[in-house]
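For reference, the structure discussed in these notes is given below.
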Amino acid sequence: MKINEIKDLLQADSIDPAILAELAKDDRKGVQKLLVSYQRRQEKLAKQKEEFLGRFSYEKDFWAKGQLVGGVDEVGRGPLAGPVVAAAVILPEDFSLLEVNDSKKLSPQKRLALYPKILQEAVAVGVGVMDNKVIDQINIYEADRLAMKQAVEALSTRPDALLVDAMNVPVDLPQLELIKGDAKSNSIAAASIVAKVFRDSLMDDYARLYPDYAFDHNAGYGTKDHLEALRKYGPTPIHRLTFSPVSEMVGLKKAD
């Protein structure tokens, strides 16, 4: 077999052990190099599977009782502009998207690739959005909780319990609050991906409305370019007027 053919063969995730044994006898350096690369990839995949299954430990407690459990997370607490977005996701027991993890650990491209797959494979997905005006009226913490409540209530199937990333959702359901839950639960991780992609899409839309602020790049966070635009043009209708330094800028404009 030619080395290029062997290279193509070893791209598969699972290969007949008999074939691997035969290739191990091949003394060509190129073949042995390909085998080493294959083994490393298999070890990485095995570790990924082990970690993925480990992030279902909380869900399994509920599944063992025949219960549906939803993961809840939010994104957009820290930006100076735009809404806070929450998502609630109920995953099936046979969910197997190994790359699902805390959205902060994934590239934008990976999140975008996983987003439609999560929507397709989940039992139910709900999204909640609280805009900057609500945030200014009731504070970011309470707006977070309302967005999470809205997300849970938007689920087409009602869960028996919730796994929540470090917060309590104001709904009448048993809840387990997990610190850094998006790194401990696949359900919360899936929710974090949905919320992040959904919010990023909203900020892309706002970038077209307010091109001077580069919301498609900074997602509303206080980057250098964003702050310079704020100083030059002032706040937009989507800025959080109670957040510093926006609040100080608004105060200065009023004083003028």
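Note that Cβ sites are derived from N, Cα and C of the backbone, with glycine treated the same way.
Among D165, D172, D200, D204, only D165 appears in Swiss-Prot as part of the divalent metal cation site alongside D73, E74. In the shown protein chains, 31 other C-beta atoms lie within 10 A of the C-beta of D73 (divalent metal cation binding site).
For the binding-site residues E74, D165, the largest tally of other C-beta atoms within 10 A is found at E74. Taking the mean position of the Cβ atoms of D73, E74, D165 as the divalent metal cation site, the remaining same-chain residues with a Cβ inside 8 Å of that point are V72, V75, A86, A87, M148, V164, A166, M167, G181, D182, I188, A191, S192, A195.
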